[in-house]
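A.B. asks: Before I ask anything, let me first share the structure, which is written out below as structure tokens.
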């Protein structure tokens, strides 16, 4: 059972949409990291346009087959995510917005203070070879510490869902949660949400700037990436064949029309003994 699977008899948000901010000055030029605090990186002109187009695409996705919907936004407090929110917001009339909350736990990995541009390449290489989950950026955080705060955020989100914070007065109205965050934070979110292991996290690829991932609610009460993203896109993001199969299972169920696989995706199951008619056989050896 997924850690974040909610009882199916409650009214759940139709979608949880993770958005990576548009291109920032730090993405376009690493030298900026030597002169500008990372939380103050602005969007480039390209990033502004990416954010506008993201808003248009998300609104189209939400409204294409239903005119009875609303959205709730969470946003990281960094300048590039806040600016992305403003550009995305241009696509959504105020009457469609249930609320907006700035959430500090969604912030990017802390890369420390100013960095000599010459050292950034060395740090990125070390981080890749050491492992992005455990590597500590000099003066900054590890991926494991990001996991801890994202986990806290998810537990609060889960509690808000269980308390029906996102339920509209109209029971037929669909709600959508849009989370504007960062490349690493979005991967950590997926890792926690779907109970992925550290090894599975390490092979994930981040979204491109301005890209988004849609977790849609299935009939069984679980969310899945498989409704809106095909196998090619999921492989691009680093999901293994087993992880993709599990997403399809969450979307369509083990007996669904589109999916006839199994839902057994628990790690470490291969370390246990094979089933036997006599369960006491091994203990007698």
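Positions of Cβ are set from backbone N, Cα and C atoms, glycine also.
The substrate binding site annotation in TrEMBL covers 20, 21, 22, 23, 24, 25, 26, 27, 80.
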A.B. asks: Around the recorded substrate site, report the further residues of that chain (criterion: Cβ within 8 Å of the mean position of the Cβ atoms of 20, 21, 22, 23, 24, 25, 26, 27, 80; site residues excluded), sequence-ordered.
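C.D. replies: After dropping the recorded site residues, what remains is 28, 41, 43, 44, 47, 84, 209.
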A.B. asks: In Å, how large is the greatest distance between any two Cα atoms among 20, 21, 22, 23, 24, 25, 26, 27, 80, the listed binders of substrate?
C.D. replies: 15
A.B. asks: Rank the binding-site residues 22, 26 by how many other Cβ atoms lie within 10 Å of each Cβ and give me the one with the fewest.
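C.D. replies: Counting other Cβ atoms within 10 Å of each of the binding-site residues 22, 26 gives the minimum at 26.
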A.B. asks: Just name the most isolated of the binding-site residues 20, 80, going by other Cβ atoms within 10 Å of its Cβ.
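C.D. replies: The binding-site residues 20, 80 were compared, and 20 has the fewest Cβ atoms within 10 Å.
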A.B. asks: Around the Cβ of residue 24 (substrate binding site), how many other Cβ atoms lie within 10 Å? Please give the count over every shown protein chain.
C.D. replies: 27
